[in-house]
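*Asks:* Below is a structure I'd like to ask you about.
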Amino acid sequence: MSDPLTHFNDQNRAKMVDVTAKQVTARTATATGTIRMQPATLDRIHAGTMKKGDVLAVAQVAGIMAAKQTSNLIPMCHLIPLTGVDIHFTDNNQDTITATATVKTKHVTGVEIEALLAVQTTLLTIYDMCKAIDRGMVIDNVHLVEKDGGKSGHFQFGEAPESQA
């Protein structure tokens with residue numbers, strides 16, 4: 001069995017994994033996370049009355065931009081040509097917004113980190129745009145929901161490890 005910690009060389013120092021021999025395949029990753037806030041904050045987001053502008057539109061663009069910049073921010077991530085990034089929002093009409101990012105590529109390595117970074121940046125942007133009226137917002141439950149493609153195959157959050165490829 002090979003060592004699962006592939007980002008270390010034979011001197012136990014960090015390295016970028018060599019993906020030269022890997023096959024190009026279609027790959028998709030979806031991540032999600034939530035931000036909890038005061039009900040009045042969510043009401044103002046819905047009403048479009050935040051001084052900084054359309055919170056969800058700006059957060060959506062920020063998340064897309066973040067996915068495209070992943071290799072500049074996470075040292076061992078490869079520069080991956082993304083073929084799609086989509087951010088969706090849902091909320092409970094009370095105090096929570098959920099952001100979900102789906103990232104796609106046709107490349108030799110996956111886009112899980114791109115999806116996770118997109119979600120985190122989306123949620124941080126919501127925080128930034130609303131912090132003047134609600135500094136008690138909480139970002140949580142950020143995780144990979146699903147990934148598909150590549151040698152490791154399909155992953156679905158919550159599946160038992162033995163059923164994952």
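The chain as shown is numbered from 1 upward.
Quick reminder: no glycine exception, Cβ is built from N, Cα and C everywhere.
What Swiss-Prot lists as active site is Asp128. If you look up Swiss-Prot, you'll see Met76, Cys77, His78, Ile113, Glu114 marked as substrate binding site, on the strength of sequence analysis.
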*Asks:* Since the record lists Met76, Cys77, Ile113 as binding-site residues, which of them has the fewest other Cβ atoms within 10 Å of its Cβ?
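*Replies:* With the binding-site residues Met76, Cys77, Ile113, fewest surrounding Cβ atoms within 10 Å: Met76.
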*Asks:* For His78 (substrate binding site) and the residue listed as 'active site', what Cα-Cα distance in Å is obtained after rounding to a whole number?
*Replies:* 28
*Asks:* Suppose the substrate site is Met76, Cys77, His78, Ile113, Glu114. Which further residues of the same chain have a Cβ inside 8 angstroms of that site's Cβ centroid?
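*Replies:* Output for this site, in sequence order: Thr70, Ser71, Ile74, Ile80, Thr109.
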*Asks:* Using a Cβ cut-off under 8 Å and a sequence separation of 6 or more, which residues in the same chain sit near Asp128 (active site)?
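*Replies:* In sequence order, the residues whose Cβ lies under 8 Å from that of Asp128 (active site) (at least 6 apart) are Lys52.
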*Asks:* Any idea what DSSP makes of Ile113 (substrate binding site), helix, strand or coil?
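*Replies:* Once the DSSP labels are grouped into three classes, Ile113 (substrate binding site) ends up as helix.
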*Asks:* Grab the substrate binding residues from the record (Met76, Cys77, His78, Ile113, Glu114) and give me their largest CA-CA distance in Å.
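*Replies:* Largest pairwise Cα separation, rounded: 12 Å.
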*Asks:* So if I measure Cβ to Cβ from Glu114 (substrate binding site) and keep only same-chain residues at least 6 apart in sequence, which ones fall under 8 Å?
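*Replies:* Listed in sequence order: Ala29, Ala67, Thr70, Cys77, Ile80, Leu82, Val85, Val103.
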